[in-house]
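So the structure is just underneath, and the comments pick up after that.
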Amino acid sequence: MRDSLYGFLCALMLGIGQMCMFTGYDTQSFIVEPVLHSVHDRQPGTIDAHAGYYGQAVCMITYTFANLAAPWALGFLGSKLTLVLGSSFFTLYLLSFMFVHYVPYYLTASLMGFGFALYYTGNGLYLTEHSSRNTIERNSALTWAVGTSCMVVGGVVMLFTTQPLPEITGNLTVSINETMAVRDFREFGDSEIKLMYGAFAVVSFISNLIFTFIPTRPVTNSLAEVNKRKERIGFVEQMKKIGGALADCRMVQMAPVFCFVGTTTCFWIYVYPTTLTFTQKLSNYVYLPAYYSIVLGFGDMLMGFIIMALSKRIPNFAQMPSLIVGTIIYMTALVLALLSTPAWSTTAPTDEPTLWLEPSFEMSLLIAFLFGLADNCLNTSRTVLCALCMPDQRAQVFSISKFYQSLTSSVLMFIAPLMSVPMYFGLISVNCVAALVLYRRVARKTRRVERKITIATKAATEAQVQPVPFRSVLGAAEKEEPII
């Protein structure tokens, strides 16, 4: 099998595994705050009112520091076993919702932080092991596009497991799944939660199986060599390498980019979907979170295939051009969200007015589609630059990128109960400007280094096949023969 096709198939399998793993996690992230808010209303002693936000904060703070040790674990386990172990923690987290209680919830949320670190570090290395400089942009976009189809799959699962809200007149309440549903805002019953999260856990388990059987042979001239036992380094030495990479000027300049990915992801995956459930004018659209997930997933997939096509025609399109396009689209969606969302629907059910536009089903789906388009652009540009900017420390670079992203996310989730939509808008806007300016500098330096590497590689190849004359005396005759 040709290396190009083999690498394509490996990237496709990686994407399918990612799709199954995130089908449950990403989709439930849209509703975890309202879900646990509903459980708290029924049984205040079992879980906190804002446990959805706090649980993600615990996950992200664990993820932040686990990122520092992830390259060492990657060196010990290799990319394949790292993917298997990391994805297993996701399945365990989803199973904790079979019995909602703060002890197993926060424990598995913490373990999932380790799962995030292991998975993303293993994902980055596996992708570079099965990609060359000519295929990294294609494979990265493919993996991300297929992986983000989890939104579509998760949305479909949610459609079949969400129970419709019955007609209610006045302030009358009715029994639903051993609980109560009030017309003012959406509530989730115990049976509904178990059905939904049980289905998510089954799909997540499929990802465990895929990563167990995924091939490991690298492609020729891959961006990374397959991990070899004799080349593994100890934990202390790995920490030194992480520290050196953190202090590198390129990583310092890339920090705002990594933080930007963290702030934007937090908003579209946790905050904005929560406002859809807590906004009174949207409370009757019980299937809105499911449609939000499906439309966002389609947008993410569509942009992945667009980047794949344009990367073949426009040099380095998956770097700065992709980031610019993604930023413009994301900020457009953020402005629409600012104008059409009640400011404090981020924390509790509310009927307060918006700044300008009325909340609507159609506007919510338009914003979801724009978020999906932008998400693929931002993550593809980040992944490609991480793979190219420091070739000798790729595992450390991927780990550091997630360190900054998760640190930003954990801080945001801890203060989420105090944040309104305008506050998120101001924070993300400032972060956006810094990310664009500094990413451009690093991208230009990386392209210069890549050109030098390409020229040197080409010259070395030509030198190997160039006929080299030597003299061979055969009697009185002389001739030249090539040495290949």
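Residue 1 is the first one shown; counting continues down the chain.
Every residue gets a Cβ built from N, Cα and C, even glycine.
A TrEMBL annotation is a machine prediction, not a hand-curated record.
Feature annotations, courtesy of TrEMBL:
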type: TRANSMEM; residues: 5-25; note: transmembrane segment
type: TRANSMEM; residues: 53-74; note: transmembrane segment
type: TRANSMEM; residues: 81-100; note: transmembrane segment
type: TRANSMEM; residues: 106-128; note: transmembrane segment
type: TRANSMEM; residues: 140-160; note: transmembrane segment
type: TRANSMEM; residues: 195-214; note: transmembrane segment
type: TRANSMEM; residues: 251-270; note: transmembrane segment
type: TRANSMEM; residues: 290-311; note: transmembrane segment
type: TRANSMEM; residues: 323-344; note: transmembrane segment
type: TRANSMEM; residues: 421-439; note: transmembrane segment
Does the transmembrane segment (81-100) make contact with the transmembrane segment (195-214) through 3 or more Cβ pairs under 8 Å, each pair 6 or more apart in sequence?
yes
Stretch with greatest number of CB pairs under 8 Å, the transmembrane segment (140-160) reference, 106-128, 251-270, 421-439 candidates:
106-128
Sort out the residues at least 6 away from either end of the transmembrane segment (421-439), same chain, that have Cβ-Cβ distances under 8 Å to it, and list them.
253-257, 259-260, 263-264, 267, 271, 275, 320, 323-324, 327, 330-331, 334-335, 337-338, 341-346, 381, 385
Which sequence positions outside the transmembrane segment (251-270), separated from its termini by at least 6 residues, show Cβ-Cβ distances below 8 Å to it?
26, 29-30, 32-33, 52-53, 56, 245, 296, 323, 330, 333-334, 368, 371, 374-375, 378-379, 382, 385, 389-390, 397, 400-409, 412-413, 416, 424, 427-428, 431-432, 434-435, 438-439, 441-442
